[in-house]
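J.: After the structure tokens below, expect a handful of questions from me.
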Amino acid sequence: MTTPITSFRDLELPAPLLSALAEVGYETPSPIQAACIPHLLAGRDLLGEAQTGTGKTAAFALPALARLDLANFRPQVLVLTPTRELAIQVAEAFQKYAHHLPGFHVLPLYGGQSMVVQLRQLKRGAHVIVGTPGRIMDHLERGSLVLDGLSTLVLDEADEMLRMGFIDDVEWILEHTPAERQTALFSATMPEAIRRVAHRHLREPQEVKIRAATATVAAIRQRYWQVRGVDKLDALTRILEVEDDFDAAIVFVRTKTATVELAERLEARGYAAAALNGDMTQGLREQVIERLKNGSLDIVVATDVAARGIDVPRVSHVINYDIPYDTEAYVHRIGRTGRAGRQGTAILFVAPRETRMLKSIERATRQPIEAIALPTREAVAGRRVAQFRQQIVDTLEKEDLAFFMDVINGVEEEEGFKAHEIAAALAFLATRDRPLQIEETGRGWDVATAPQSAGRAERPPRERRDEAPARRHAFSDGQLTRYRIEVGREHGVSPKEIVGAIANEGGIEGRYIGQIHLFDDYSTVELPKALPAELLGLLKRVRVRQRPLAIRELGAAEAEALPERRRPTGGFKERAAGGERPPRKWEGGQERPRAKPSGERHGAPKPHAGKPVKRFRKD
Ligand code: ADP
Ligand code: MG
């Protein structure tokens, strides 16, 4: 028996990589990393079979980085990925692990991004290129990408590239790169066609196979609900209301239309939800993922292809709203949660005639999936009461209430009511949109009520939330610029509330709302340049956390002078085309918003399905 590898140090990775790993918080190598890194460091070809979430990116990125010649700016490593999302994620991972490699440069190249931008970036040079097969082929044919100096080629998610029809392109690329290169092929499954590619293009590959039942899959609690009586949407909202550890969810449906419809219906119920599907432009999809990361969205309703490879650690739940077509898709789906060592929950909706699929999923994952009952009305109501109480306590602890005490004292003295009677009336008013007592209705009982925001302007009590706001502003394409609003961290505001207020009260779609930065007593938000005066006037009066936004556009000098400096985000058109944008992180100036659907939340901006883009064959 060999002693198990316990640290990255044992893998003999260079010191700058070890420091970067310590910073990202990886303690030990995952099994696939422990198995692959020594082979790849030694320059051998490799055939790796492992499910999603097992840490394949670092398994190939770390040895590739270890072997780089930083003084040479010609591409030395090429990673092929099936989708743009994955290309971006893999590029981000390289960047992260290379944090202490001075001058390191990685370049993602994928379809849908401007050629002009890519050509410029290619001229500048990069050590590592990560791209989708179609676009890489384009560049090789044009001569804009020269791979004479390539030493390592990685095929990531080879089975997915096969499924998407890229395998001929992949072989073409393999044939047009130096024969003496090192090649690593990673795949969740090993269909015959992939084996054939491996035989043709890999030299005596080391085979590494990690069985499906890995620690990451084990960290996912799997449950199912037998669809019966209540419709799926009601079931979903009930479940989300009572889940203890809910932070964010990806909800899987089968069709693109269903992503948009369900996201809209969730939004109408007060959830910060958006659709993610293959019809949306790359820029929009990136924005959705970014907003899920930074907490301005809690629920993304996605199709399998669009959500593939998403790695957002705060995703606590995967909901299989529509059952997947096969067990493999199921494993890929649930792999979106339980990321980075966290606990995740997967919930599967199973219609009576889908019971056989449930059984085969259990067989494939070698884990029983636990049946759950829908939360009862009492459970949901109980949860709402608990959240409401918590809100009261938080407000008492955090807010300066002197003025309000005076108002209440006045009511007490002049109207002759006791403080607890007044409090009850206020509790009634505060929870009108999301009642603590849930009533029976014709179709069982109704949880279709949106959480009310503390900052929302008064709305008539019986207004139906399912109706879209009357006005929706559209902007012709252009730049986003920063505006200042007079509510900040001191007032207890969250970015989500700001997005919600601007989207709902101003009727501005979420895609026109860019980054939000919180400062002590004000914040900045990116919106289209030169908003119409009428809209600006409206937004000035919108109240968040009891404070009028008093919004105004910042001059260039003023924006420059803000305490934090960043590169300006491009216009939304450019971004939709996937312009060069640094990966957006949760920055120091911002506060992490709370993500529960609680009583103090705004509905989110409308999801938006962008123009169809051509997919599959040529990305
Ligand atoms: P795969 O490509 O196999 O689906 P990823 O490379 O995307 O998996 O990694 C899945 C998640 O696990 C990522 O969030 C990544 O940051 C995290 N991760 C990878 N390796 C480790 C490690 N050794 N320790 C902790 N987290 C890790
Ligand atoms: Mg991967």
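Every residue, even glycine, has its Cβ placed from backbone N, Cα and C.
Because TrEMBL annotations are produced automatically, they should be read as predictions rather than curated entries.
According to TrEMBL, the protein carries these features:
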type	residues	note
COMPBIAS	456-470	compositional bias 'Basic and acidic residues'
COMPBIAS	562-603	compositional bias 'Basic and acidic residues'
COMPBIAS	604-619	compositional bias 'Basic residues'
DOMAIN	6-34	domain 'DEAD-box RNA helicase Q'
DOMAIN	235-380	domain 'Helicase C-terminal'
MOTIF	6-34	motif 'Q motif'
J.: Below 8 angstroms Cβ to Cβ, which residues of this chain, lying six or more residues outside the motif 'Q motif' (6-34), approach it?
T.: 41, 48, 50, 54-56, 58-59, 62-63, 65-66, 96-101, 208, 210, 214-216
J.: Do you know the DSSP helix, strand and coil residue counts for the domain 'DEAD-box RNA helicase Q' (6-34)?
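T.: Across the domain 'DEAD-box RNA helicase Q' (6-34), DSSP assigns the residues as follows: 17 helix, 0 strand, 12 coil.
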J.: Let's see if you can do this one: DSSP helix, strand and coil counts over the domain 'Helicase C-terminal' (235-380), in that order.
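T.: Counting residues by DSSP class gives 67 helix, 28 strand, 51 coil.
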